[in-house]
Every structure is written in structure tokens, then in C-alpha cells.
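**Student:** Swiss-Prot feature annotations, pasted as is:
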{"type": "BINDING", "residues": "GLY78, ASN109", "note": "anthranilate 1 binding site"}
{"type": "BINDING", "residues": "GLY78, 81-82, THR86, 88-91, 106-114, SER118", "note": "5-phospho-alpha-D-ribose 1-diphosphate binding site"}
{"type": "BINDING", "residues": "SER90, GLU224", "note": "Mg(2+) 1 binding site"}
{"type": "BINDING", "residues": "ARG164", "note": "anthranilate 2 binding site"}
{"type": "BINDING", "residues": "ASP223, GLU224", "note": "Mg(2+) 2 binding site"}
Amino acid sequence: MNKFLQSCVNGRTLKTGEAEKLMEMMMNGDMSQSEIGGILSVLAHRGETAEELAGFVKVMRARAQTSGGLADVVDTCGTGGDGISTFNISTAAAITASAAGAKVAKHGNRSVSSKSGSADVLEKLGVSIQATPESVKRSIEMKQMGFLFAPLFHSSMKHVAAARKELGFRTVFNLLGPLSNPLQVKRQVIGVYSFDKARLMASALEQFDVRHVMLVSARDGLDELSITAPTDIIELKNGERLEYSVSPEQFGFAEGSLKDIQVSSSEESALLIQNIFANKAPSSALHITALNAGAAIYTAGLANDLKEGTKTALEAIQNGDAKRQLERLKQKEEEMYA
């Protein structure tokens with residue numbers, strides 16, 4: 001049995017350096033699928049520590065295919081796995097925030113546990129997800145937003161894919177995705193499926209150089225800022241850590257309806273996003289997009305607080321900027337020069 005697996009089975013937690021070595025072994029293909037499944041199961045059962053998470057993140061970031069970072073870009077990648085089957089809120093928020101002037105490096109993947117992953121819905125919207133590190137950077141520079149399709153940037157993840165799929169439950173990799181943006185962004189909005197996990201991720205992030213990160217977990221179970229219940233937030237900014245909660249009413253929004261933001265496929269998700277940008281969607285869908293885009297605008301440094309960011313996002317949707325931004329994102333690179 002793998003020595004790290006044996007240690008965890010015996011109740012030990014791993015130091016950061018040990019966690020790094022374990023992740024290297026998984027990423028190198030040096031562990032069997034049963035060993036990988038075993039370690040993921042043990043960690044999920046007892047709960048990961050911030051030290052372990054930080055060690056895993058260091059390796060994931062170091063091995064990511066990247067051409068270097070860009071200043072002041074923001075990511076809206078969340079953990080997923082909330083089981084509520086909403087449309088792709090973080091993707092709609094990313095497009096809206098980029099329409100309002102934020103530089104967005106959206107990290108994401110196809111669906112694993114949800115009805116629609118960010119890559120799935122972007123394809124349905126007509127946005128290319130097959131991008132190299134260089135073309136992502138050019139897209140951010142030219143269009144304010146680029147999409148980093150996780151399998152293209154984290155090729156070593158192929159060694160754990162089978163074990164993850166076979167396990168079928170949330171593992172540490174749900175937490176690692178948002179923490180492993182290949183451009184190593186320092187500004188993020190991270191939706192988390194539980195507030196305990198948000199606290200864990202915040203503690204791990206404090207071991208890295210971050211400028212402004214919001215981790216959000218709603219009390220209705222959403223891994224987003226919600227319009228149907230209060231949302232608990234951890235904010236990391238300038239070396240400080242704040243915890244607080246917000247409610248939809250603080251932003252002038254009436255309590256929304258979950259059924260208005262739920263979908264059964266990536267096609268439905270894409271259609272709802274198009275309707276939001278065309279000002280034809282239910283108010284719940286509009287408001288939840290504005291709220292989450294507002295958080296991205298705020299963490300990008302373009303608003304003084306979440307309320308101002310949300311107001312800016314709402315205007316970007318209502319005045320057609322978000323719809324026009326989606327059309328820009330659909331353009332191929334050569335068409336931008338035509």
C-alpha cells in the first residue's frame with residue numbers, strides 16, 4: 001500500500017511537503033487507480049486540512065501549462081457540486097463582468113456532477129473552448145475574457161480521471177479546480193458548496209499571494225451568491241480576512257425563485273443566458289447574474305464594494321453591453337482583425 005495512503009488510513013494528516021509528494025505521484029501516474037480512489041475516499045471521509053490543500057495546489061499550479069500570468073485578471077470558477085442544477089451562473093457572470101471592463105480568465109471544465117459545465121455551455125453559446133495559453137492571453141487582451149479549458153492546461157489530471165469518475169462523489173479535486181487557475185490569478189470569486197469548505201479553502205489561499213478573493217456559499221445550498229437566501233462570504237483582501245453575510249434585499253432585489261434558475265441541460269442553460277442578455281429572462285435569473293458579476297467587478301478592483309459592482313453589472317446587462325460582449329467572444333481571432 002502507498003505510504004501516504006497508509007498514513008491517512010491510520011489517521012494521520014499530511015504536512016504540506018508530504019501532500020506535494022503525494023500529488024506528484026498522482027500526477028505522474030505512479031499510483032494505481034485503486035490507490036488513488038483510496039486516498040481520495042479517505043480524505044473525503046475525514047476532511048482535508050489547509051496544509052494538505054496548499055500542498056496539492058502548489059503542485060497543480062506548478063504543472064499547469066501556462067505562458068505566464070496577466071496583471072489584475074479575475075476568475076469566477078467555483079467548486080460546483082451543489083446538486084441544485086442551476087444554469088451556469090459563474091459563466092454568465094464572467095461574460096457580464098468582462099462586458100463591464102474586468103479582465104476575466106475563466107477556468108472551467110465539462111460537467112462532472114452537474115447538468116452543464118462551463119465548457120459545455122460556452123460551446124452551446126458558440127464560444128470556442130479549444131485555446132492555447134497564448135491564444136487565451138490574446139483573447140483577454142483583445143476581448144477582456146479568455147476561457148481556460150482545464151484538460152488542455154492540466155494534462156496530468158488524466159491519471160486521476162478514471163478514479164474520480166468511478167467514485168462518483170465530491171473529492172478534494174472539486175476544491176482544487178478553483179485554486180489551480182493556470183494563470184495563477186490573484187483575484188477571484190469562488191463559489192463553494194459548503195461554508196466549512198470555504199473556510200478551508202480560504203486558509204489554504206492565505207499561504208499564497210492573493211490580492212482580492214471572495215469565497216461565497218449560500219444558505220440554500222448554492223455555490224454562488226444567491227437571490228433566494230442569505231450568502232455567507234469570506235473576503236481575503238490586502239492581508240486581511242473578513243467573514244460576513246449578505247441578503248438579496250441589500251441590493252434592492254426581491255427574494256427570488258430557484259425554479260426560475262434551474263435547467264436540465266447545457267442547451268437550456270445557454271438559452272437562459274441568451275435571454276438574460278436580451279433582457280427577456282425572469283428577474284431571478286437577471287438578479288443572480290448581476291450579483292455574481294458584481295462580485296467579479298468588485299474583486300477586479302473596478303468597484304468600491306459589492307453593491308456598486310452589482311449596480312455596474314446590472315447596467316451592463318440592461319444596456320446591451322453583455323449581449324454585445326457575448327457576440328465578441330464568439331468571433332474567431334482572425335475575424336477580430338478583419
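Backbone N, Cα and C atoms are what each Cβ position is placed from, and that goes for glycine too.
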**Student:** If you count Cβ atoms within 10 Å of the Cβ of HIS107 (5-phospho-alpha-D-ribose 1-diphosphate binding site), leaving out that atom itself, what do you get?
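**Tutor:** Result for HIS107 (5-phospho-alpha-D-ribose 1-diphosphate binding site): 28 other Cβ atoms within 10 Å.
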**Student:** Between the Cα atoms of THR86 (5-phospho-alpha-D-ribose 1-diphosphate binding site) and ASP223 (Mg(2+) 2 binding site), what distance do you get, rounded to the nearest Å?
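**Tutor:** Per the Cα atoms, THR86 (5-phospho-alpha-D-ribose 1-diphosphate binding site) and ASP223 (Mg(2+) 2 binding site) stand 10 Å apart.
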**Student:** Out of ARG110, ARG164, which of the binding-site residues has the smallest number of neighbouring Cβ atoms within 10 Å?
**Tutor:** ARG110
**Student:** Give the residue from the binding-site residues THR86, SER90, ASN109 that has the most other Cβ atoms within 10 Å of its Cβ, counting over every protein chain displayed.
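**Tutor:** Output for this query is SER90.
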**Student:** Report, in whole Å, the straight Cα-to-Cα distance of SER90 (5-phospho-alpha-D-ribose 1-diphosphate binding site) from ARG164 (anthranilate 2 binding site).
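**Tutor:** The Cα atom of ARG164 (anthranilate 2 binding site) is 23 Å away from the Cα atom of SER90 (5-phospho-alpha-D-ribose 1-diphosphate binding site).
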**Student:** Measuring Cα to Cα, how many angstrom lie between ARG110 (5-phospho-alpha-D-ribose 1-diphosphate binding site) and GLU224 (Mg(2+) 1 binding site)?
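**Tutor:** With the alpha carbons as reference points, the distance is 18 Å.
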**Student:** Measure from the CA atom of HIS107 (5-phospho-alpha-D-ribose 1-diphosphate binding site) to the CA atom of GLU224 (Mg(2+) 1 binding site) and give the result in Å, rounded to a whole number.
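**Tutor:** Between the Cα atoms of GLU224 (Mg(2+) 1 binding site) and HIS107 (5-phospho-alpha-D-ribose 1-diphosphate binding site), the distance comes to 16 Å.
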**Student:** Around the Cβ of GLU224 (Mg(2+) 1 binding site), how many other Cβ atoms lie within 10 Å? Please give the count over every shown protein chain.
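**Tutor:** Taking all protein chains shown, GLU224 (Mg(2+) 1 binding site) has 27 Cβ neighbours within 10 Å.
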**Student:** How far is it from ASN109 (anthranilate 1 binding site) to SER90 (5-phospho-alpha-D-ribose 1-diphosphate binding site), counting Cα to Cα, in Å?
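**Tutor:** Rounded to a whole number, the Cα-Cα distance is 12 Å.
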